[in-house]
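Read through the structure below, which is laid out as structure tokens, and then see the notes.
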Amino acid sequence: MMIKTRFSRWLTFFTFAAAVALALPAKANTWPLPPAGSRLVGENKFHVVENDGGSLEAIAKKYNVGFLALLQANPGVDPYVPRAGSVLTIPLQTLLPDAPREGIVINIAELRLYYYPPGKNSVTVYPIGIGQLGGDTLTPTMVTTVSDKRANPTWTPTANIRARYKAQGIELPAVVPAGLDNPMGHHAIRLAAYGGVYLLHGTNADFGIGMRVSSGCIRLRDDDIKTLFSQVTPGTKVNIINTPIKVSAEPNGARLVEVHQPLSEKIDDDPQLLPITLNSAMQSFKDAAQTDAEVMQHVMDVRSGMPVDVRRHQVSPQTL
């Protein structure tokens, strides 16, 4: 009886500890920059789903990854409540985008923001939400700078946004004041391009990071935007790209390919089936003798969002 009681206490303790761990704010994923010639940073982790281990979104938040990134890395997982005992791959390893390692680089295709702090040999990777399909809500590519930043921002929704909300039975005021009901959260960083209509901002919701849910702006978890807000200054370069596939010929001989689902352009598009166009450099990478083109094509079809080695391995005659 005593053993059973003691076991029950330990079980209660570990259940509580797991719940607390999921509830704690996630730390930003900061990695040292790779050596010359490499683009690989980070390291994947594994998560064993506990009994009543929380939703997939809660697990994504714990490791500070995006919801869709976690879903793509674990095909077949229940998107709401993963099965207890299942092992999830946490996609923390990535190839740095093919863009200057300066300021903020956002790859909307992979729903990630990369921040390169000045004077430091590191990069911090944040999951983001971007503009949803339809009308003026798409997030555009651009090269711009931070023009302004503001704590406790108000929100002035556009006429189109107000009309969209009204169609859902929600009457938005002309200006939404700062506070718990403001979907911009507690911090906003304004971009100079397009007249300053696009911002990086927080959120008052627990869902939507790593998804296409915003009205065109870049959405981050509140703890992430708070950290980024404290680090960037007006004039910081911001480069927004749309690159669903990244490749790297690594110094150690690995030939890495990372493929994400391309962004849909129509509501009925299936991003898993949308074609991926290779530029000349990527086509040369695929056609190279060192690359197993069949394996690379398979990686392009699966679209796991994680780097995969597609180098061709030589078969010794003695093993034939």
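Any Cβ shown, glycine's included, is placed from N, Cα and C.
Database features (Swiss-Prot):
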| type | residues | note |
| --- | --- | --- |
| ACT_SITE | H201 | active site, proton donor/acceptor |
| ACT_SITE | C217 | active site, nucleophile |
| DOMAIN | 45-90 | domain 'LysM' |
| DOMAIN | 102-241 | domain 'L,D-TPase catalytic' |
| SIGNAL | 1-23 | signal peptide |
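Restricting the average to the domain 'L,D-TPase catalytic' (102-241) gives a pLDDT of 89. Each residue contributes its Cα atom, and for the residue listed as 'active site, proton donor/acceptor' and C217 (active site, nucleophile) these two points are 8 Å apart.
All protein chains shown were included, and the count of other CB atoms within 10 Å of the CB of H201 (active site, proton donor/acceptor) stands at 26. According to DSSP, the domain 'L,D-TPase catalytic' (102-241) comprises 23 helix, 49 strand, 68 coil. Under DSSP, residues within the domain 'LysM' (45-90) fall into helix, strand and coil as 15 helix, 8 strand, 23 coil. Within 10 Å of the C-beta of the residue listed as 'active site, nucleophile' there are 24 other C-beta atoms, taking all protein chains into account.
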